[in-house]
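Trainee: First the structure, which I've put down as structure tokens, then a few questions once you've had a look.
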Amino acid sequence: MNCAISGEVPVEPVVSTKSGLLFERRLIERHISDYGKCPVTGEPLTIDDIVPIKTGEIIKPKTLHTASIPGLLGTFQNEWDGLMLSNFALEQQLHTARQELSHALYQHDSACRVIARLKKERDEARQLLAEVERHIPAAPEAVTANAALSNGKRAAVDEELGPDAKKLCPGISAEIITELTDCNAALSQKRKKRQIPQTLASIDTLERFTQLSSHPLHKTNKPGICSMDILHSKDVIATGGVDATAVLFDRPSGQILSTLTGHSKKVTSVKFVGDSDLVLTASADKTVRIWRNPGDGNYACGYTLNDHSAEVRAVTVHPTNKYFVSASLDGTWCFYDLSSGSCLAQVSDDSKNVDYTAAAFHPDGLILGTGTSQSVVKIWDVKSQANVAKFDGHTGEVTAISFSENGYFLATAAEDGVRLWDLRKLRNFKSFLSADANSVEFDPSGSYLGIAASDIKVYQTASVKAEWNLIKTLPDLSGTGKATCVKFGSDAQYVAVGSMDRNLRIFGLPGDEKANVDDDSAQDS
């Protein structure tokens, strides 16, 4: 007799008085308490309707299939088979769960990467939108391209102003970027074939350098030369002075060719544009001027650029001689088109309180180096205007930057001296410690390095691991104890030094005194 619910032989058998069915006591009592009816017939059923079936108390009844050893073995075999099947099913489920978990983890990782990328793109888009909104003109005006006033200033209608009253720059176009890239490729290829010119002054020659001449080029009431550049093809030296003028000096004849007046404060930087008759000057009056020689020797201001809001410390010309960059204490550097005098891009750093004090193009033109008053040297990708590297280590304001013609070395000057950087590994590999290094300059061949501080030192360049030998120490004869700038002449045949006593001094080999003329021929006031 088996239970009508479980199908097993009941331990405590009971029978329904209504249906006559046999049940296990505990099962039928629970069913009645839950449902109140017979589980088989569905008729109403109570506890009183079930009657226990009594068996002998001494011998318990046994089921037929467990009453013999073969029956027990069969039961055990069935139990074992069920256990194995259940274990196999569990292992299958575990394997499937592991695969699903691995897939879910990969999906989670991919989702995190996508979310991070989307957040970055969102932030960049927001920043770009904010920049565009700042430059959207409040009242659009007609723009006349390349218009200039008779005094050299650009016409007001040339400038589209944003809400913050800053000029909206069009950006560096794809055509210009292609031009810069082509120039870089050509110069890089040319550098691989470059050889040191045989006419380059030897080390023995430099060791015998002495002062050949001295020329007072600027006014006595505001003495001092702040910057200098040399047009090697014509042997003309340009100096920028504290007296707010720039002087063009012909070294072979010892004569002043022209005096450029127009700035209201000291001229902080002066540059020739290739072999052309263009000269750039930057000033503490927050402007940059482009000077042109119409052919009569009298330079006139072609453009006055006032895109900066603080003192302009440096100008540097791109190797194409079509573009240039100015760097200012307002924390920006500007990329200009020389032909139109228009600012194509004005770049600021993401970090706050950055003042640019020096700037120079890499010889290939796609890298720009800038120095700051916060002792940091920053390297920029000109195409994207992105800061790609920075060099820390100086103490005090970075006063000068010079790239070597080999394309690998960068020299920087600051209050703690001069440091040399390897652009391939982005590290400082040598330092020349001296107080208040005002200027540092590689010669055009990259063979020599000049440093202007309390005196003028000339070093022979070498590799990263080799020793850079000191060739010559030239005294600062100004009496001010401050040589402000140093430049090498063509093939390093002479060294030009500017000082705060307004004198331009020429150091060279005795007997080669091309410019040893009377100081009376120069401007005294």
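Keep in mind that glycine also has a Cβ here, set from the backbone N, Cα and C atoms.
As the structure is a computational prediction, the values presented were derived from the model and not from experiment.
Straight from Swiss-Prot, here's the annotation block:
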- 1-70: domain 'U-box' (DOMAIN)
- 220-261: repeat 'WD 1' (REPEAT)
- 262-301: repeat 'WD 2' (REPEAT)
- 307-346: repeat 'WD 3' (REPEAT)
- 351-390: repeat 'WD 4' (REPEAT)
- 393-431: repeat 'WD 5' (REPEAT)
- 409-424: motif 'DWD box' (MOTIF)
- 433-469: repeat 'WD 6' (REPEAT)
- 478-517: repeat 'WD 7' (REPEAT)
Trainee: Can we call the repeat 'WD 1' (220-261) and the repeat 'WD 4' (351-390) in contact, meaning three or more C-beta pairs below 8 angstroms at a sequence separation of 6+?
Mentor: no
Trainee: Other than its close neighbours in sequence, what residues sit by the repeat 'WD 3' (307-346), given a CB gap under 8 Å and a spacing of at least six beyond its ends?
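Mentor: Answer is 145-146, 148, 154, 158, 166-167, 169-173, 176, 179-180, 183, 187, 265, 268-274, 276, 278, 280-288, 290, 353-361, 363-365, 368, 370, 373, 380, 382, 385.
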Trainee: Based on DSSP, tally up the residues of the repeat 'WD 3' (307-346) by helix, strand and coil.
Mentor: 0 helix, 23 strand, 17 coil
